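To start, the structure under review is shown below, and the notes come after it.
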Amino acid sequence: STMRKRKTTDSPHSSTDLSEGKEKLRLKQEVGLISGVSLIAGTMIGSGIFMSPEWVLHHMGSPASSLLIWAACGLLAMFGALSYAELGTIIKESGGEYIYILRIFGSFPAFLFAYTSVILVRPAGLAAVCLSFAEYAVAPFYPGCSSPQVVVKCTAAACILLLTIINCLNVRLATSIMNIFTAAKLLALLVIVVGGLVLLAKGQTQSFQNAFQNTTAGIGAVGVAFYQGLWSYDGWNNLNYVTEELKKPEVTLPRAVMIAIPLVTCLYLLVNVSYLAAMTPSELLSSGAVAVTWGYKVLGSWAWLISLSVALSTFGSSNGTFFSGGRVCYIAAREGHMPDILSMAHVRCLTPSPALLFTSAVSLIMIISGSFTSIVNFFSFIAWLFYGMTISGLLYLKIKKPELPRSYKVPIIVPIIVLMAAVYLVLAPIIDQPQIEILYIVLFIFSGIILYFPLVHFKCHPRFLQRVTLHLQLFLEVAPTTRDAN
């Protein structure tokens, strides 16, 4: 159903005139308020809250400062989502940052975003979630010690391959898995919250005495701590990827954001308090899988339940990430910014299998070469670079085009705060602790220039690419989605 489309006009992609009527993707508007809240919360609650607490504490140095980071991350996610909600009521098209950058700044920066997102950001997000799934899935087999990296990476790779098969074969099965696993992750978090409240009631508050002692003050350390915390909130912008499928988007989008993000923020803070009630800061720092260590401490012989719940939760989250991963790829291909093959669907299963297979292949490479914390840091660097660009686009529209119809307006101070935070998150780690990998990422983003001008701007398509596309179509049994698939 997500592959229905009308033929689009060959627009020049210059997006200064947003009020101009354009033919665009028409999807069934079936996502209401409850579904919207579930989509945001279900994507946000993934692996981060089970993996990132030790890293936030590691970079901040003290329990109280790490809790402040978690609260600040929730506030920043809220501000970012409210800003995106206004964008979503001005530009009522699916595609999130890609479509906003395309309509506001034009074709070239939108191509750089699509190129970076499809080849780096989306696969990196999937790789990180699958690595955390693997960490928890194998933890019970190695009690009292950290799991071998080879076992963790093989399990993560198997997870990606299984998700590829599920999502390429059956859309209904993929969505059913998402719903079941959302329930599992909420149950796991509630168990941890209740357990923590019981411990606090019994007087286990030693972690909260002198709670600011050993706090780190470096701007780079705070920036990296924010990266790890914000990874747990990633997904706050997910509803903007399906704007065309929302019932009354001008009402549903802001309301869903205002319900889902405060709910997740409160849960995250309570879970962190529970971890610190059960463990000393040094115990938390030495834990490879924080929630499992909490389970051994609090539930004893029932600790395997936490490990199972977290593994189910992270598997469900990785399925959600994978399920929505083809959307930017598909829309970019629709706009002529990606190879045609990536905008095609399987003729019988009606799934965007080429985009899913491509994402899967790149994610497997990232799992082999990277670790959870390094992938998250570089993922966050790129993500906030483009979040900043998108928010600056909103500020441009608020100042230069106030006459555009918008049913929801966010106070201008909110996107200004988000833009300042984005600039800080991009620059702080570079200034304080420059890493050569960040230079590689920047070079990779700008390497898109080499592809953009010949392939997109001048439309120089070598004949062999058309032959390759044709052979891939036959091999993968896919077809263009220019007509209603049903």
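The backbone N, Cα and C atoms fix where each Cβ goes, and this holds for glycine too.
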Stated TrEMBL location of transmembrane segment, expressed as one of 31-52, 119-140: 31-52
For the transmembrane segment (180-201), distant same-chain residues with Cβ under 8 A (at least six beyond the ends): 38, 41-42, 45-46, 49, 267, 270-271, 273-275, 277-278, 291, 294, 298-299, 305-306, 309-310, 312-313, 315-317, 319
Proximity of the transmembrane segment (298-317) to the transmembrane segment (409-431), 3+ C-beta pairs under 8 angstroms: no
Tertiary contacts of the transmembrane segment (256-278), as residues 6+ beyond its ends and Cβ separation under 8 Å: 33, 36-37, 39-41, 44-45, 49, 53, 63, 66-67, 70-71, 74-75, 77-78, 81-82, 84-85, 189, 192-193, 195-197, 199-200, 204-205, 207-208, 232-233, 236, 239, 284, 290-291, 294, 297-298
Cβ pairs under 8 Å between the transmembrane segment (97-118) and the transmembrane segment (31-52), at least three: no
